[in-house]
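Before any comments, here is the structure.
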Amino acid sequence: MPCERKPMRYDHSEGHTEVCFDDSGKFIVTCGNDGDVRIWESLDDDDPKFITVGEKAYSLALKKGKLVTASSNNTVQIHTFPDGDPDGILTRFTTHATHVAFNSSGSRVAAGSSDFMVKVVEVSDSSQQKTLRGHEAPVLSVTFDPKDDFLASASCDGSVVVWNIEEQTQVISWPLLQKTNDFSNAKSLCRLAWQPGTAKFLAVPVETKVHLYERGSWDHVSTLSDDLLTQPINVVAWSPCGKFLAAGSVGGSLNVWDVNSKLCVERQKHEKGFTVCSLAWHPSGSQIAYTDTEGCLGLLDGLSTSTSTTNTTKAPEKKPAEDYDALFDDDDDDRLMDEGLSDTNSPVKKPVAGDDDDDDDFLMPATGRVRNRGAILDDENSLDTGSLRLGQDKFGDDDDDTGSAVMPAAAPLVPLRPVYEGPLPSAPQKAFQPGSTPAHLTHRFMMWNSVGIVRGYNDEQDNAIDVEFHDTAVHHAMHLTNSLGHTMADLSQEAVLLACPSTDELASKLQCLHFSSWDTNKEWMVDLPKGEDARALCLGQGWVAVATSTLTLRLFSIGGLQREIFSLPGPVVCMVGHGEQLLIIYHRATGFDGEQALGVQLLQFGRRKRQLINGEPFPLSLKSYLSWLGFTAEGTPCYVDSEGVVRMLNRSLGNTWTPVCNTRETCKSKSDHYWVVGVHENPQQLRCIPCKGSRYPPTLPRPAVAILPFKLPLCQTTTEKGQMEEQLWRSVLFHNHYSFLSSSGYEIDEEGQSRSQKEQQELLMKMFALSCKLEREFRCVELAELMTQNVVTLAIRYASRSRRMALAQRLSEIALEKANQVQEEEPEEPEEEPEYSRRTSGYGQSEVTGGRCSNRRYQEEEEEQVEELGEEDDGQEMDTEEAAETRKRVNPFAKEAGSPVKPSLTPIGRVGRANPFKMLGAGKPSASSGQPRVTNILDNMTSSKKSAPLRSAGKPNKDPVLKPLAPRTKTKTQSTLLQMTGTKASSKKTQANAEPAAEQQKQPDVPPPASPADNTENKRPKTGFQLWLEENRKTIIADHPDLEETDVIKEAMGRFRTLSAEDRLSWTERAKGQTGDAADLKKRKRAEGEEGGGGRDVENENGRAEADENSAKKKKSLDPTSKLSAFAFNKS
């Protein structure tokens, strides 16, 4: 009888533990020292349902949907199974009961107690009790005679007694055991067992042997022994067929005897040698579950007993006959599968049991009992298809009671259903709330996230919800009565959201406690339509989403206003919100072989709603399911699967998912897990709760949060090279959020961003040095491609000092390329403004609303004029500009609440259609106070602007006002420059303040190096119009002294347009001659201007003035060598 011993798993806390199977064999049920009864679907079930029955549970018995337990509160209780609802107390003792057992029909329960008594109670009416008195010490075990006439019991007084139940008298007593004073001190538990079916023998474990006593004569007819047994036998159990007897001993030995031949057919040893204190056979006879005194559960699998062969036919017989859909429903399908295996009273089993063994073998598949889908998968090739067909015919039509029907029926029905032997569908994962523990628990976490904790209590006394905030400044803790039976919750800085399923009378409800509301009505509730149940819900910033059973997603505002509604492509698994983002995971198809086929949608609501990820397949580890989903604190989607792998969205690589951590690597034992509650990218932290022997934590005591580090699973991370590569790409991945946040209009920590870029460049330099040492020059060049200009220069120095001249030469080519790239890119960038308006940082949040409508009006007028001018002017850059457009919309300087915006100035900021450096008339404030407004507007550009690129498309290069207003991306080069030029900026500020008047004079003259928002502007060649305007501005102002700045520009446009084509061309040529002059200076100026804070505003005026002087001095065009020298100069 070859069998496989499965690895033990943690089950209960240390101490006496018991186990049994339910009637169908679908569940393993255990109880232990922690007072819980756990219901396992299999040995690998990481999320067993549990029922708390007391402080300690000493024994359990299960029959026909009734679960009886003996607990430390001196009672024998009854619960329904598998729901676990309390069903009353059967009986009480003066101390705790030690053992309980059902009779074969499930109508009576016997219980033995430490107060020396044995009671027999009717399950249907617990008032009908019989008490058996006569033992002189605590009772160790009780067992019913299958025919229900007798009951046997063993006691610490050393006796084993057989009682007549009706007469309540002792039939016989054998003094077989060692005497002890208490159940806990007994050498052996002496768990007796009566042979099922025939009831011929009573098995009594005595020392290292098992005595068999014959029913009726009560003679000791035989002894089962094994020479290898050295320790006392603790428990014995008969196989369902009654032909085999299993025994578990104090030393951890497990033996199975064939009773007829008295041979030991199976020997196994507990993996750690702990005492086996309970045994149970699977109803099919193919498995034995056992538990030890340390609270662990084990399984012997693949026992092929001859009567288990009768049973094995049932699984394959039943399954193909089922409707295809039934495969998906765990509950139904396994029950159907095992109906025929319940017990000897099953109608299915009777005819077969009566048959000969030969007939049984005829129906038996080669593999033995098929326990579950997994087994079918493993052994699909060895299944005997003939037996499947025969079996299906036999049981396909309502379980015929006659065995004779098998053969004749087989022939006509075979062709109707071909046998399928391919991979089987996996049960789809049920919908869940990330950060919650299972709904069947009486005390559970309904939500644990970065805002707080929502706990649900549902016991006899109370059905309530407690909300606690990590930061009590957000809100004080709340206690809510849960009269509606809410099962789902979410929590944000603004509200608590709850939902309950529908009942026969009531619809499914969504309830929101909007505690951050400024009015007095802080709560709203909505009923979902009839037949629609909430399956998942989440909160975002100002919105609520709920996914329902009808594959619908409903959006509400945080105040309860119904918003968009759309259909989901499949049943939702879970969803989470963060700010303006909504992430939805759903079943896109049926998975096979234990896989889940999930899809993902990522939506962004803002002024411009869009879908970032549209139903792409969602990657999980092999044969795993989703266990947590969320956003990092910085707003990057990430998730954890049941294998413990944490993955994060890599936006810079086309929205792919990168594994960033494996929590299993830090678990000590196979059954330990980490329950994730939050992820942070800066600092890099995975916040989770370690759970010993479970997938989720208990609510009490309050679990402690641990912090795990991230680590990308790159190759060879033990080597120095591997470590640096891992650090570099982790740094790149974890700092992607800066560009996303700034493009979505959020403020970002620019210091943090520049720090991260500096860290990446340092790592590249270290890797470069390492590659040099290893003489990998090609690799050095690859690394240099990733560096910024400045770091390439350092690399050149390092290479020349290392006497690697060929490498230095190649690096200098790269340096030159990078310098050219910067110069080529920058002229293109200014035309990108059109789109930044809709992507940049908070228009609504930091701009004075009054300016908005006028913004639009002025802007439209300006555009029309610029458009006309653009059509007449020449220009060549439109193509490149549009390509660059997507790259450049980001505003790294997020919101800044400067002085109020004047409508007259707004158009400049909005689209860059006017000169932002206007001369302010006598009545206006001085330049130093006027200038910040302009930058402010630049920084707050928002509303949607699409017309501009099209309109200026004609000839943007000559567009006079476009030039100064570049969009505001920060390339890496610029931010490194930024660090290096920081010191100069402070000295510039003082000059700028000292000479406001001088600045005013010079402002109009030099638009190009303009404002700090013009990061990318520096190398911008002046257009002919700008040059013309510089020289003719004074004339215009003299003619019209009272004109506003925008009007001066309009007037200038008009005049420039009246020039002949040749004149305009000559101005353009002159402008081109100047391109190279101020390049270096502008680059410096820009870096200084960008440095942030209020100083920006003053510095940029200063920058303009100086750039002006320099541009006058230099008139050379920029040839390659001067470009390289310019870049070397910048670096310093």
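Including glycine, each Cβ sits where the backbone N, Cα and C put it.
Remember, predicted model here, so these are calculated numbers, not experimental data.
Here TrEMBL flags 1018-1072 as DNA-binding region. If you look up TrEMBL, you'll see 323-336, 823-834, 860-883 marked as compositional bias 'Acidic residues'. The compositional bias 'Polar residues' annotation in TrEMBL covers 839-848, 926-946, 972-993. Summarising the annotation, TrEMBL assigns compositional bias 'Basic and acidic residues' to 1056-1072, 1087-1112. As annotated by TrEMBL, domain 'HMG box' applies to 1018-1072. Sequence annotations record features per position, and here TrEMBL assigns region 'Disordered' to 307-398, 818-1027, 1056-1132. The repeat 'WD' annotation in TrEMBL covers 9-41, 132-173, 233-267.
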Contacting positions for the repeat 'WD' (233-267) when only residues 6+ beyond its ends and CB under 8 Å are counted: 1, 3, 187-198, 201, 203-210, 212, 222, 224, 226, 273-281, 283-285, 288, 290, 292, 300, 303, 305-308, 310-311, 343-344
Composition by DSSP (helix, strand, coil) of residues within the compositional bias 'Basic and acidic residues' (1056-1072): 15 helix, 0 strand, 2 coil
Composition by DSSP (helix, strand, coil) of residues within the repeat 'WD' (132-173): 0 helix, 24 strand, 18 coil
Averaged pLDDT score, the repeat 'WD' (9-41): 89
Tally of DSSP helical, extended and coil residues in the repeat 'WD' (233-267): 0 helix, 23 strand, 12 coil
